[in-house]
Amino acid sequence: MNRLLKTIIENNRKWISEGKVASYIPELSKMDKNLLGISVCTLGGEEYWEGDAEVKFTIQSISKIVTLMLAIIDNGEDYVFSKVGMEPTETAFNSIVNLEAKESHKPINPMINAGAIVVASMVAGKDSDEKFDRILKFTRKISGNNNIDINLNVYKSEKETGHRNRALAYFMKSTGALKGNVEEILDVYFKQCSIEITCKDLARIGVMLANDGVSPYTGDRIVPRHVARIVKTIMVTCGMYDASGNFAVHIGIPAKSGVGGGIVACAPRRMGIGVLGTALDEKGNSIAGTKILEELSKQLDLSIF
């Protein structure tokens, strides 16, 4: 497996030149464009990795699957999806278009920024600190890594420059789609996106989902089976933003990307995969990371379709 991973990384390194690091968050623009790594965890608990698999980077939008799991556990799926939809979108992850166009004004799915902000508001906690503390502890639990923490520099950078997210949140507040204190909810959202992880952490989260919510390391149920199923389904339809259909055709497994360059993926009942490739395509997905997953999926016949 390690030889295969090494070959796949080298085969797809050339794609880095066609992408660029996220620049709209100043701290992210400082990232090394050439980082490339992969980690794979099997249902048998075996781990393989190559490249920059132990380099820390911020989770960004991959945190949306973490908070979605937590919100469903806290509130039940019916309540959560009464506040946010579950349909794919052809618009960008930070677009306001669908919020204005739809009569209900509720966000179209939990993987776009507007939807994730509403989901963050549904995580239980008496204040923003308690909500984020629960998100952080849950991230540690599902990854099996108690050392995961927030990158304060990225958090401050996001908070200072997150004008589009503020606009989305205040627009939803004005239509009644978002309840609660907007700045407190945004604080939770900016913090959750600034959690620092590695490819290895992502692969462990992926394998937990691949195993229907059960840790292959301990045998403990971490997430209810129906929650894992819902999240994997949303990952297939919406996880790669407005490139989700293309990803489903060419790679065919549940996945979620983040503008930090990470992608978490899972091949149900087979393996979890974590990829880092900081150079992004025009959709905000890791360009080399996506190509790595495409080659891995073809080599191991991972597609669920």
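Cβ coordinates come from backbone N, Cα and C, glycine included.
Copied over from Swiss-Prot:
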BINDING   SER61, ASN113, GLU158, ASN165, TYR189, TYR241, VAL259  substrate binding site
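Where Swiss-Prot records a feature, it is marked here on the structure.
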{"residue": "SER61", "record": "substrate binding site", "CB count, 10 Å": "23"}
{"residue": "ASN113", "record": "substrate binding site", "CB count, 10 Å": "22"}
{"residue": "GLU158", "record": "substrate binding site", "CB count, 10 Å": "24"}
{"residue": "ASN165", "record": "substrate binding site", "CB count, 10 Å": "20"}
{"residue": "TYR189", "record": "substrate binding site", "CB count, 10 Å": "29"}
{"residue": "TYR241", "record": "substrate binding site", "CB count, 10 Å": "23"}
{"residue": "VAL259", "record": "substrate binding site", "CB count, 10 Å": "24"}
